[in-house]
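Q: To start, I am sharing the structure in question, which I have written as C-alpha cells.
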Amino acid sequence: MFKDYSREKFAKENFPDLSKHNNVMASHLTYELYEKYWDKVTPNGVTLDKCIQTGVDNPGNKFYGKKTGCVFGDEHSYETFKDFFDRVIEEIHHFKPEDVHPATDLDETKLVGGVFDEKYVKSCRIRCGRSVRGVCLPPAMSRAERRLVEKVVSNALGGLKEDLAGKYFPLTTMNDKDMEALIEDHFLFEKPTGALLTTSGCARDWPDGRGIWHNNGKNFLVWINEEDHIRIISMQKGGDMRAVFSRFGRGLTEVERLMKEKGYELMRNERLGYICTCPTNLGTVVRASVHLRLANLEKDKRFDDFLAKLRLGKRGTGGESSLAEDSTYDISNLARLGKSERELVQVLVDGVNVLIEADKRLEAGKPIDDLTPRLNSSTGTSISATASRHMTL
C-alpha cells in the first residue's frame, strides 16, 4: 500500500472507472463492495481485482449484448467475494442466494423419449466442464498446476475400458499426422482469441499442458486445459440422444472414479454445484445440443418465441456466430444451474419434440398456435438473456 494511504483511501484511488461499461460485473461492482473486498485474498492468493480484470479491460457495449466480465480464480473465489458473486449469479441464472443446486443425476433410464426422427435431427451432443479440486482455475493457475491437471486427467482417461478406451494427444508433442486427423474430425481446439480467455489469463503459456483425448469410436472426447481444466463431450450422428446421454454419464462417472483412486476430486460447491472458470458455467455445466433441420419453422416469425418459451438457444450449424446451413441449427438448453443433468437433457428433448411437431404442421399447412400451452408447461429453468448469449460451453 502507498505510504500514508489508509485502507479506505487506497480502495477509493484503486476503484476501476466503470462508468462506460456494459457488462454484468460493472452492473454489480459498487464502490462499497470493492472497498469491502479489494484487499481480501483466497487461500491461493486470488484477489477480487484478478477476478474482475477481464471485465475492466473489455467494457462491452449495448450493441453486442452484455458480457459477463468476471471469472473465478479458484474454488474459493465465490465464498471469499460472496456478496459480489451472488449478484452476478442471480442476474445470469436467476438463482437467488438462498437457492441450492440439486444433486447429480445421470440416470438415463429416467429420461422420457430422446430418440428423434433423423429427418430432422442430424446429430446429438452433450458436453460439460469440470475442475480439479485443490488447483487454481485457468485464470490464476501456474504452469506447474496446469501440468499437474494434464497429468491427473490424462492418467485417469488412460484407465477407461471397452467402448470408452482411447488415446491422449498432447498439443506440445502432436505430430502433423495426428493434427491433420484431429482437424478432419473437428476435434482440435485452437489457442483462444476471445477477450474472456485472453485478458483473464486462461491462454497463458499456450500450448503447454493442453491436450485432446478421444475414445477409439470417436464419440467420447475430452479437452484438457482449454477454458476449463476438463471438457467432457459425448456425441454421435443421428437422433439417439438417449445413447449419447448414457455414454456421457458412464464416461463422466468413470473419469471421476479413476481420479479419486489417485486422490483427486472435482470441484463442487454445496450451493452452486460444479465450479468452472466463468460464472455462466456453474451447477451441471451441461450443454446438451442437437443439429436440427427446421426448413419451415425457420421462416416463421414465431420461431424465436418458441425457443424462448422452451428455454432453448440456437446457433448456426458451425456453432456460435455462424450461419445455419441447409436450415440446420444448433439447438441447446440455456440453463446450467438449478436442475440436474438429466432434467436439463429432458428440457432439450421435450423442446426439440415441440419444434419438430411445429415444423411438420407448418409443412402440412396446419396451425401451430395450440402448441403454446405445451410451451408454457414445458419443464426448464429460467435464465437471463445475458446467460443465453454468453454460455461458453
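Glycine too: its Cβ is placed from the backbone N, Cα and C atoms.
Feature list, courtesy of Swiss-Prot:
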BINDING   123-127, HIS186, ARG231, 287-291, 315-320, ASP330  ATP binding site
COMPBIAS  377-393  compositional bias 'Low complexity'
DOMAIN    7-94  domain 'Phosphagen kinase N-terminal'
DOMAIN    120-362  domain 'Phosphagen kinase C-terminal'
REGION    367-393  region 'Disordered'
Q: Restricting to the domain 'Phosphagen kinase N-terminal' (7-94), what is the model's mean pLDDT?
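A: 95, rounded to a whole number.
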Q: From the DSSP assignment alone, can you count helix, strand and coil residues within the domain 'Phosphagen kinase N-terminal' (7-94)?
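A: Computed counts for the domain 'Phosphagen kinase N-terminal' (7-94) are 46 helix, 4 strand, 38 coil.
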Q: Taking the Cβ of ILE126 (ATP binding site) as the reference point, list residues of the same chain whose Cβ is under 8 angstroms away and which are at least six residues distant in sequence.
A: ILE233, SER234, MET235, MET241, VAL244, PHE245, PHE248, VAL286, ARG287, ALA288, SER289, VAL345
Q: For the binding-site residues SER123, SER289, work out the Cβ neighbour count at 10 Å and name the residue with the minimum.
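A: Comparing Cβ neighbour counts within 10 Å for the binding-site residues SER123, SER289 gives SER123.
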Q: Find, among the binding-site residues listed as ARG231, ARG315, the one whose Cβ has the highest number of other Cβ atoms within 10 Å in the structure shown.
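A: Going through ARG231, ARG315 one by one, the largest Cβ count within 10 Å is at ARG231.
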